[in-house]
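Here is the structure we will look at.
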Amino acid sequence: MDTDILQKQDSELFEAIAKETGRQTETLELIASENFTSRAVMQACGSVMTNKYAEGYPGKRYYGGCEFVDIAENLARDRAKKLFGCDYVNVQPHSGSSANMAVLFSVLKPGDRIMGLDLSHGGHLTHGSSVNFSGQMYEAHSYGVDRETGCIDMNKVEELALQVRPKLIICGASAYSQGFDVKAFRVIADKVGAFLMADIAHPAGLIAAGLLGNPLPHCHFVTTTTHKTLRGPRGGMIMMGSDFENPMGITIKTKTGSRLKMMSEVMDAEVMPGIQGGPLMHIIAGKAVAFGEALQPAFRDYAAQVIKNAAAMAEKFTELGYKIVSGGTKNHLMLLDLRSKNVTGKVAENLLHSAGITVNKNMVPFDDKSPFVTSGIRVGTPAMTTRGMNEADSVLIAELIDRVITSAEKPDVADLCRSVREEIKALCLRNPIDGYTV
């Protein structure tokens with residue numbers, strides 16, 4: 001990165017950025033929600049677009065001088081529509097959580113009932129967790145995974161839905177390695193008169209590449225982040241397969257009287273001015289670049305390799321005696337239950353960090369440990385695949401992780417971690433991140 005000016009003006013911050021660049025280039029990133037953007041994405045995010053206020057939407061701004069940021073936002077919207085095959089998209093949400101908030105605010109009233117996957121079973125904070133707005137403003141009910149299979153039991157989902165009759169059902173996860181039967185979720189939603197929202201923040205890139213099922217034909221709303229498997233800048237997005245009249249009865253005045261607002265109009269108003277003001281135009285520019293990259297044939301090859309790497313790694317972990325929640329993976333991640341190894345997620349995360357491997361501790365279903373300790377770790381392949389690593393590398397990485405975890409109680413574990421760190425550094429230097437230099 002060209003940071004000469006920053007180095008001269010703010011040496012303290014420059015040093016932090018240089019060290020972080022070194023960490024990213026010389027250690028292995030296996031956090032499932034992280035990835036490396038292209039230099040083009042970073043250039044767009046660091047461009048003069050950051051200087052422009054642009055409240056409103058293209059052609060309907062509250063500020064003047066928006067003709068060029070309008071181009072950027074329209075590019076992002078048009079490319080997202082082509083990428084996912086949707087009629088409506090809003091690229092302004094600052095995050096996936098903001099996107100989820102906008103959807104919930106647009107169709108729910110405080111106290112309404114919602115259903116989502118339990119956080120401790122792989123869900124997300126915004127799907128009804130009691131520590132989040134989604135569990136504080138609304139009456140949240142959680143479905144979970146089966147204790148034996150580790151998979152979602154759709155019969156139990158239907159049973160819960162019929163019992164509580166939610167107004168919104170959310171399908172999506174942050175630590176679930178299987179797919180969602182979105183068609184079955186829609187049947188259940190229709191039975192109880194609920195909206196259906198899919199949160200595809202994690203597998204969005206794999207869906208865009210056509211390798212996992214697209215939920216848009218079956219859901220009222222689809223939300224996502226724009227980073228993770230999409231390899232864009234950190235941000236959020238809301239989509240609808242097709243627009244429809246809002247069923248809440250919200251109207252708008254016309255010259256001849258009034259009409260029902262289309263759901264797109266309700267959603268746009270909920271994003272801005274509902275929960276946000278000025279959009280981050282430099283990030284939206286970066287989203288446009290990333291969506292353009294994802295439309296190229298090479299992105300499908302990348303996404304396919306992400307899945308292959310995860311499958312190879314999961315197979316090796318199973319061979320080494322690890323329990324993978326749900327029995328395997330069909331996407332980019334896996335959740336390792338470490339209870340049989342007598343190691344906590346916290347200990348594993350810290351040891352692997354010292355060995356140059358970054359993962360995150362993660363609760364497993366029916367965990368008896370706190371979220372600050374946990375019984376598992378979450379492992380993902382998006383970032384390592386961006387570096388060009390393949391199945392053979394995935395097997396090696398699983399072996400190195402096993403070497404660290406099985407040595408947790410040994411007196412020479414620190415020496416072993418230093419040795420593994422050197423192997424990891426060599427692996428990373430053989431597979432550099434394109435364009436990243438300290």
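Glycine too: its Cβ is placed from the backbone N, Cα and C atoms.
According to Swiss-Prot, the protein carries these features:
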BINDING   Leu119, Gly123, His124, Leu125, Ser370, Pro371, Phe372  (6S)-5,6,7,8-tetrahydrofolate binding site
SITE      His227  site 'Plays an important role in substrate specificity'
MOD_RES   Lys228  N6-(pyridoxal phosphate)lysine
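Taking the features listed in Swiss-Prot, we show where each one sits on the structure.
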residue: Leu119; record: (6S)-5,6,7,8-tetrahydrofolate binding site; Cβ contacts under 8 Å, 6 or more apart: Leu125, His127, Gly128, Ser129, Ser142, Met363
residue: Gly123; record: (6S)-5,6,7,8-tetrahydrofolate binding site; Cβ contacts under 8 Å, 6 or more apart: Gly116, Leu117, Ser129, Ser142, Gly172, Ala173, Ser174, Tyr176
residue: His124; record: (6S)-5,6,7,8-tetrahydrofolate binding site; Cβ contacts under 8 Å, 6 or more apart: Asn100, Gly116, Leu117, Gly172, Ala173, Ser174, Asp199, Ala201
residue: His227; record: site 'Plays an important role in substrate specificity'; Cβ contacts under 8 Å, 6 or more apart: Ser33, Glu34, Asn35, Thr37, Pro233, Arg234, Gly235
residue: Lys228; record: N6-(pyridoxal phosphate)lysine; Cβ contacts under 8 Å, 6 or more apart: Ala32, Ser33, Glu34, Asn35, Ala201, His202, Ala204, Gly205, Pro382
residue: Ser370; record: (6S)-5,6,7,8-tetrahydrofolate binding site; Cβ contacts under 8 Å, 6 or more apart: none
residue: Pro371; record: (6S)-5,6,7,8-tetrahydrofolate binding site; Cβ contacts under 8 Å, 6 or more apart: Ser120, Met363
residue: Phe372; record: (6S)-5,6,7,8-tetrahydrofolate binding site; Cβ contacts under 8 Å, 6 or more apart: Lys346
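Classification of Leu125 ((6S)-5,6,7,8-tetrahydrofolate binding site) by DSSP places it within a helix.
Among Leu119, Gly123, His124, Leu125, Ser370, Pro371, Phe372, the residues given in the record as binding (6S)-5,6,7,8-tetrahydrofolate, the maximal Cα to Cα distance rounds to 17 Å. The DSSP secondary structure for Leu119 ((6S)-5,6,7,8-tetrahydrofolate binding site) is helix. In the three-state DSSP scheme, Ser370 ((6S)-5,6,7,8-tetrahydrofolate binding site) falls into the coil class.
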